[in-house]
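Dropping the structure in here first, questions after.
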């Protein structure tokens with residue numbers, strides 16, 4: 001890292017960190033201060049800061065606000081919750097909402113409990129809210145595991161009327177994934193038909209149930225699907241006047257083309273035509289236009305990691321401004337893998353695949369193979385009845401030959417997958433679980449259009465992302481709820497985003513540009529809605545106005561658009577340290593996309609860049625000033641500044657004094673022990689010599705003593721106080737240097753305690769060892 005010529009110094013009166021004991025490991029926390037991928041949100045707003053752009057709606061003891069329906073004509077949001085349906089004026093204004101209590105009779109609840117269901121499950125969870133016509137809504141609920149549907153007069157909004165069975169339209173419980181859409185006043189639903197949830201079905205529910213058009217029960221049609229979304233596209237959106245309305249269903253199902261112990265899941269899209277009447281003999285009351293294809297959103301493991309479809313949103317441009325586009329969230333089916341990918345799919349690419357080769361499952365090898373073109377009958381199976389087909393005397397699906405219907409019954413799956421629009425995901429993240437997505441198109445100040453996506457997470461956060469080229473850049477992470485909970489539904493209404501969850505409906509202002517306080521902040525936000533106004537000296541939602549406004553979505557070149565702002569140097573914090581301590585200096589830029597560098601004293605020799613800052617090993621050369629400088633959009637500024645100082649005046653010399661005293665004591669101890677041993681040895685030698693001289697004088701016989709003589713035997717001498725302190729025999733048996741026990745050595749680096757600082761000056765201490 002380059003050395004800095006400018007070294008910030010602590011000024012008088014500036015705060016300093018409290019000194020901490022000698023040889024402690026100081027750890028200062030801080031976020032990432034380096035270049036990161038655009039899948040990481042540029043900025044994050046905690047709940048305390050996010051509340052300014054949020055409006056909440058909740059009713060005590062009412063839960064599961066999971067079904068949202070926006071009626072732009074009446075500026076009303078309809079909310080389906082547990083046992084209740086609300087009608088709220090948009091945007092939220094604090095006005096008292098209208099409500100309908102759609103409760104389950106006690107007899108139904110008792111019957112539900114007798115079937116072994118829990119008390120909390122035996123409620124009416126609203127699953128469908130749809131606009132039936134200008135005066136009525138269609139609604140369906142689980143009704144304590146006995147689905148019911150009815151209509152609501154929106155002018156009176158008092159009760160659910162004309163109740164009828166909801167089987168085949170609505171799931172039996174909210175845990176069963178389902179999807180439904182109204183097209184031409186007709187409900188198209190994808191759900192399960194039986195109580196156990198083992199009979200999946202896609203229906204056109206109009207008239208009597210026995211007259212419905214539905215999917216066949218063959219597992220080749222639907223095999224344990226989890227439905228995600230249903231979308232209706234009209235010929236006008238295609239620019240095809242000869243076409244028919246098409247209904248697309250998105251789901252994940254278990255593949256039958258793999259021989260594996262694991263149930264391999266595959267994301268797929270299916271399409272049916274609104275004019276389908278079924279077959280005359282073969283496929284009676286069954287879809288004759290049901291075709292499905294794999295959706296490929298490659299992940300880190302070449303597609304396996306993105307095998308579960310979580311949600312799909314359709315972005316519909318204005319008529320004549322382009323064709324719709326589907327945005328899908330994909331995740332992994334394997335436990336422990338937190339992977340989310342976002343892919344875009346064009347309807348024309350789906351159409352191309354549906355017009356391509358069919359796949360045939362070979363039962364002997366469980367592998368799918370393409371059907372040869374010569375084996376495909378004419379007219380082509382699965383096609384909608386168009387004017388061109390009518391000219392060929394096929395006025396409806398009832399007039400199709402049996403060979404065509406038999407083929408489509410046995411070959412509903414296409415051989416080729418649908419690839420994403422750019423051939424790869426727009427975003428892949430391994431640390432965030434996305435559950436819901438909505439999208440809209442925004443016109444920037446330059447007139448160029450950008451797709452803005454809102455991604456709801458598993459823990460209740462909202463990520464706002466803009467599509468720039470072939471990738472998504474996540475601009476902001478917004479915490480929605482005080483307590484983490486999944487985002488269950490999202491709808492857009494003009495500049496407001498409406499979010500449904502278990503405990504509330506949250507309204508988010510998507511044009512909250514005023515919180516960006518400077519020109520550089522406004523430009524770096526890269527929000528197509530926001531622009532900096534030199535006239536007002538604030539960040540505003542431009543609304544197509546151009547006078548005195550600047551914006552740069554793709555480059556965010558602050559240096560050329562904004563006047564140079566006066567640099568505000570941060571407070572320099574003094575950090576008291578001791579020799580050999582490890583100190584981590586945090587750097588906390590406001591943007592995770594900023595590139596940061598450290599300027600440090602030229603004498604520092606041991607430093608390590610980390611995700612949370614800079615780690616420095618304290619040496620005399622490491623003393624001095626440190627500065628973290630971050631750059632984004634061509635503008636650089638110092639984010640954090642520190643000054644390493646000795647913990648106290650005695651810290652640096654006391655270390656050398658302590659080590660020197662220890663070494664001196666060590667050598668003095670060896671010298672004293674040696675002198676003591678020499679003196680003891682000489683004393684014993686002199687005593688032995690005196691004994692030998694005394695024996696010579698009395699004619700002592702060194703052999704066996706004769707009878708009548710007295711033998712003299714010497715008992716072992718009792719140990720002296722010196723021997724008790726240092727027994728010679730024990731010392732010689734020791735394993736130390738020279739046969740003696742090793743002396744006590746002063747550990748120059750005792751085990752350091754850990755001090756965790758949440759910032760500077762010292763905030764909290766957690767000492768594990770001192």
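Just so you know, glycine gets a Cβ as well, placed from its N, Cα and C.
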Checking feature assignment: region 'Disordered' per Swiss-Prot, candidates 696-725, 726-755. Which range matches?
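Checked against Swiss-Prot: region 'Disordered' maps to 696-725.
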Please determine which of the glycosylation sites listed here (64, 133, 509) has the lowest count of neighbouring CB atoms within 10 Å.
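With the glycosylation sites 64, 133, 509, fewest surrounding Cβ atoms within 10 Å: 133.
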What's the CA to CA span in angstrom from residue 509 (N-linked glycosylation site) over to residue 64 (N-linked glycosylation site)?
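So the Cα of residue 64 (N-linked glycosylation site) lies 22 Å away from that of residue 509 (N-linked glycosylation site).
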Would you kindly give the Cα-Cα distance separating residue 64 (N-linked glycosylation site) and residue 133 (N-linked glycosylation site), rounded to the nearest Å?
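Their Cα atoms are separated by 26 Å.
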